[in-house]
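According to TrEMBL, the feature substrate binding site maps to Arg27, His139, Thr362. Positions annotated as pyridoxal 5'-phosphate binding site by TrEMBL: Gly114, Tyr115, Ser188, His216, Thr245. If you look up TrEMBL, you'll see 48-389 marked as domain 'Aminotransferase class I/classII large'. According to TrEMBL, the feature N6-(pyridoxal phosphate)lysine maps to Lys248.
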Amino acid sequence: MPELAPSRLDARLEAELQEFTAAGRRRQRRIVDSACGRTLTVDGRQRLNFASNDYLGLAGDPALAQALAAGAQAWGAGSGAAHLVSGHLAPHQALEDALAAFTGFPRALCFATGYLANLAVTPALAGRGAAVFADKLNHASLIDAMQLAKANGADVRRYPHNDLAALERLLAASPAATKLIVTDAVFSMDGDLAPLPGLFALAERHDAWLVIDDAHGFGVLGPQGRGSLAHFGLPAAPRILLMGTLGKAAGVGGAFVAGSATAIDYLLNTGRSYIFTTAAPPAMACALAASLRLIGDGDARRRQLFANIARLRDGAAGLPWRLPASPTAIQPLIVGDNQATLALAQALWERDLWVPAIRPPTVPQGSARLRISLSAAHTADDIDHLLATLKELA
Ligand SMILES: *Cc1c(COP(=O)(O)O)cnc(C)c1O
């Protein structure tokens, strides 16, 4: 083979990557040499893990690995096709039925990932003649879904974070025949909750759909971990579509959307990121069915998680950084300055504590932070150790 000349296309990308480096925005991955759990092994050292979304400590649970292995033995490695072709196997259906029963909705539809679930819902419901109203701090997948709806002719508006009055003004001013309110239930960088009762009341008053992304509430909040709707005592109303991810508290992977039988059937018929992708391996559905049982029986895990949250919040009161109100496993310690945040994360890392630094543009300018993710897998000693180290570094 003759030597290939370097491509000018590549050179352009390389120049841009250098700009990322110069701006301190170049991303890289760390290779983890252990299963997801209370600690993660990197570069031969065990690090205390405050960087996963494994809120109930299920990702490394042997019972789920067992269910996954048994599922693979019974159903093979792959599903072979998309759900609408021949890839919808009995374990997929059983999982959907279990998720519908668990969330209280008539029907649920499983997706390969939460990103794909969100990408399906908004564009399926909102095209020409529709309007989408989205919280400013919604997850990137909801923003991308909104852009797809816009490309299809929908009018899209973003309202200030959790601002019901601003949202009501936008709803009242909109002549659209179909309206969609789209929100995270638990905001992923701040851990705060959306005012779901107020949003539901507005949806009722303006005859709008309410699309809720419960990625961080499912399994954690509400009785039996049934999620944010249950936390607020809201009904599984026909105008609500509830999305939950299954790779966070549920510890496996995938996602679902629950709603009325009609809405789910419509999504199954029109959701492009549902239709044009291979169904997840059926063994994952087997593992998830087991996970759903552990979540339902998981009061002890949730007690431990909420004790850890309270312990961290109490202890952080003495630190020089702000810890905004968050009742969830996501605890944002606001440092402010980008470099100072990176230096703090690095100092923790050198002490075998893995806490990710989150910087703009992921969060607003001047609000760079440590995003501390807590889990039922943490002990009180783990929380104390993190607090003591932060105090020492302050
Ligand atoms: C993680 C996340 C998603 C995406 O879910 P995946 O299953 O990881 O693709 C969607 N929305 C929110 C709020 C999330 O945090």
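Quick reminder: no glycine exception, Cβ is built from N, Cα and C everywhere.
Positions of TrEMBL features highlighted on the structure.
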| residue | record | DSSP class |
| --- | --- | --- |
| Arg27 | substrate binding site | coil |
| Gly114 | pyridoxal 5'-phosphate binding site | helix |
| His139 | substrate binding site | coil |
| Ser188 | pyridoxal 5'-phosphate binding site | coil |
| His216 | pyridoxal 5'-phosphate binding site | coil |
| Thr245 | pyridoxal 5'-phosphate binding site | strand |
| Thr362 | substrate binding site | coil |
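Of all residue pairs in Arg27, His139, Thr362, the annotated binders of substrate, the farthest apart have Cα atoms separated by 19 Å. Packing around Thr362 (substrate binding site) is summarised by its Cβ count: 13 other Cβ atoms lie within 10 angstroms of its Cβ, all protein chains included. Other C-beta atoms found within 10 angstroms of the C-beta of Gly114 (pyridoxal 5'-phosphate binding site) number 25, with every protein chain shown included.
Restricting the recorded positions Gly114, His216, Thr245, Lys248 to those with a CA within 10 Å of the CA of Arg27 (substrate binding site) leaves an empty set. Surrounding the centroid of the Cβ atoms of Gly114, Tyr115, Ser188, His216, Thr245, where the record places pyridoxal 5'-phosphate, the chain contributes additional residues within 8 Å, namely Asn53, Asn118, His139, Ser141, Asp213, Ala215, Gly247, Lys248, Ala255.
In this structure, Gly114, Tyr115, Ser188, Thr245 are the binding-site residues from Arg27, Gly114, Tyr115, Ser188, Thr245, Thr362 whose C-beta falls under 6 Å of some atom of ligand 1. The two recorded residues, Gly114 (pyridoxal 5'-phosphate binding site) and Thr362 (substrate binding site), have Cα atoms 18 Å apart. For the binding-site residues given as His139, His216, the lowest number of other CB atoms within 10 Å of the residue's CB is seen at His139. Among the binding-site residues listed (Tyr115, His216, Thr362), His216 has its Cα nearest to the Cα of Lys248 (N6-(pyridoxal phosphate)lysine). Sequence-distant contacts of Ser188 (pyridoxal 5'-phosphate binding site), defined as residues of its own chain at least six apart whose C-beta falls under 8 angstroms from its C-beta, comprise His139, Ala215, His216, Ile330.
Long-range C-beta contacts of Thr245 (pyridoxal 5'-phosphate binding site), restricted to its own chain and to partners at least six residues apart, with a cutoff below 8 Å, comprise Thr113, Gly114, Ala117, Asp214, Ala215, Phe218, Gly254, Ala255. A distance of 17 Å separates the Cα atom of Tyr115 (pyridoxal 5'-phosphate binding site) from that of Thr362 (substrate binding site).
Summary for the recorded positions Arg27, Lys248: the Cβ-based neighbour count within 10 Å is maximal at Lys248. When pLDDT values are averaged over the domain 'Aminotransferase class I/classII large' (48-389), the model yields 97.
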